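Peer 1: Just passing along the structure, written as structure tokens.
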């Protein structure tokens, strides 16, 4: 909470800086503000920025690195004997991590498991370092704020181009904001690649991509039954493909036909009612669909299967795929609706003039003209189906079956990512790292689909505009 | 499309019957067209029908979804409680010296007087196993409730008073008529004896059904009758606040830069491609990013709304940037030129004129982005917001869960009563979403200007 008070104090100082800077600008020219280069409030902002930015940067840097610095210092202060394990060897990194965790917990006053004398001493040292650091930070940050404001305040004169300075700062802020998208992409690629490479150093790429057996259990003991974790991802890809295919088989006909009806036939009134109703489907959170699939649709299929003597798993790919299809309908229909209405009327009228009926015009003229856009929309929908998580996590199975039977349970890439990463895991076991390798595959596939889809859509648009 | 159906055309048949004209007059184009007309009209009708069927199917699915959720969940808004005359004896709460202190009150065994109160209703129940079955009627939370009552009002000690507390979830379900007593006894969670006692209690007027306030005031719990969504709502609130505070300024600034300042070059092209792609990246990948970067590299706490907010910010930024750019584009250039013409700097033109005019559009986009963020689950699972959190989070750094994750957790719980709870939580979540989307629509209707 100390940093919270500090932030408040800094905000107050910034406001004070604004008033002082503005006041000085006015008083320097004796109230004749037209002699100033900029409007008086720009001088205020100039001083406020000089007061706030360096101080907040300092504060941010400290908060980001405080933990690392303090931990390293505490670690360095520990006597060598503390780092020797019971077997007389130096502790491994993970054991040191556990020790540090213990120290941190003790320092925060949480009851740590059997804290030893060394841990308690280290915790006290950690706390004293933290307190000193906190005071040092307060002093430095306040000095920066007051110093920056004072320097800027002294510079206030009629010739100071305060507005340009302020505008430069705003512009720099905007440029930084606009690059966040790039940094996010880089962050995604780097983190996925980095962890995947660590995974592939333990499991060969070829086994991962072409292996047909997936059972990511890692043994605790060497002689355990079923100890060899195997990471052949083909069953996952097959399961993802099966569920997505079922979803598309539901979504494409319904979405496309309703889009055609809406764009070509429906009276304005019907359109006004039905379109928002379909858009409701797009706004429902996926966890709701998951619940619907797991507790309504799947039991319904299982029971009706029993009626016909079919054995349908209660985690069947059919239920997950059907509900995923429902989720994707508005996606397909709104994208198709857009491209169909974008087809120029002249083409329709030409077709009518030749004597074609409405449906013939649609099938022979409008749809071929709109096809690239529709294909693009469907590709986007496929990428959405592949990346969809909650429906399959809740309604699809966990066991990796290599089957094309929609009545059986299959698992998908996203399900496995979630099951591998939820819960307490060692971060460097192949089991957790496998999730990142799956994530990399997922990211690559959806990226390729999106790029193709966007290119197809864009190319098509250029034809008519 | 013309179906080759020679019988469809009456005039041709008539001509053939006449027999004279056939040799001289071959079939004209009009004849061929007319021959096919009926089939073509049928095809037209059929095609139209397909469209209607498709829409009907889609609407039926929407209806099924809502009906199934509402019909499963409406019972969770009511709760069954039992009123029992309870006496907490002085001996029970006194310590070894016979004094009553705060400490002795805190450590007393409050289950005993409640059990005694239940036994008093059924003096005929004798055996141990029967008594244990009888105790199951009361919720596990009842003794905590009694403790709280005594702590707040020590005058109650030694007197008989009536305490109303929820019954355990199995009996709540029984009271709502969702347990079929014709099923063999070992196949259901309530035995015949228990059902009989419960009926007797009902006849004595001790059982009543009230509005379930627990659902809206409590945090999560393993006992369905005590579990509530308030903890998750507060967690969602903190997460969304972090998301809003970060994504709105950043999104608007990025949109303004890209729309008003950025030169058209490779670099800005790259930014645009990136934004468009990020909008279509599966949400779970953002969760992996959050896990690898925010938790592993920066060492931020697991399960904290701050991290959830950061991840959701990255996810919603593309939505907000795209909407904000559209809003900026819709401001006509004449406004800009007029501002520049009277001597405003470019930034003054933007802050004084363009931004206020584009603000409704930007806000609409932001609300829609926030609604997406509110419903998002998968990335939050990755950063550990699936923890079982009983306490109401006190700030954005505390461990918390959010509403959709709470729904996911409850949907996985085996107890029958959690199905209704889950549906009720879904209804609350949908209510929030409807509210937000309605606000966005209103905002657009009210402030949208056509230039």
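First residue shown is number 1, and so on along the chain.
Keep in mind that glycine also has a Cβ here, set from the backbone N, Cα and C atoms.
Okay, these came from TrEMBL:
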DOMAIN    B:233-439  domain 'ABC transmembrane type-1'
TRANSMEM  B:47-70  transmembrane segment
TRANSMEM  B:229-258  transmembrane segment
TRANSMEM  B:278-300  transmembrane segment
TRANSMEM  B:306-328  transmembrane segment
TRANSMEM  B:354-375  transmembrane segment
TRANSMEM  B:424-443  transmembrane segment
Peer 1: Take the transmembrane segment (B:424-443) and find every residue of the same chain, 6 or more past its ends, with a Cβ under 8 Å from one of its Cβ atoms.
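Peer 2: Long-range Cβ neighbours of the transmembrane segment (B:424-443): 69-70, 73-74, 76-77, 215, 229, 232-233, 360, 363-364, 367-368, 370-371, 374-375, 403-404, 406-407, 410.
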Peer 1: Mind checking which residues reach the transmembrane segment (B:278-300)? Cβ under 8 Å, same chain, six or more beyond either end.
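Peer 2: Sequence-remote neighbours of the transmembrane segment (B:278-300) are 306-307, 310-311, 314-315, 317-319, 322, 376, 378-384.
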Peer 1: Six or more residues out from either end of the transmembrane segment (B:47-70), which same-chain residues have a Cβ under 8 Å from its Cβ atoms?
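Peer 2: Cβ under 8 Å, 6 or more out: 423, 426-427.
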Peer 1: For the transmembrane segment (B:354-375), could you work out the same-chain residues 6 or more beyond its ends whose Cβ comes under 8 Å from its Cβ atoms?
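Peer 2: Those are 236, 239-240, 243-244, 247-248, 251-252, 255-256, 260, 312, 315-316, 319-320, 322-324, 326-328, 330-331, 335-336, 339, 402-404, 429, 432-433, 436-437, 439-440, 443-444, 446-449, in sequence order.
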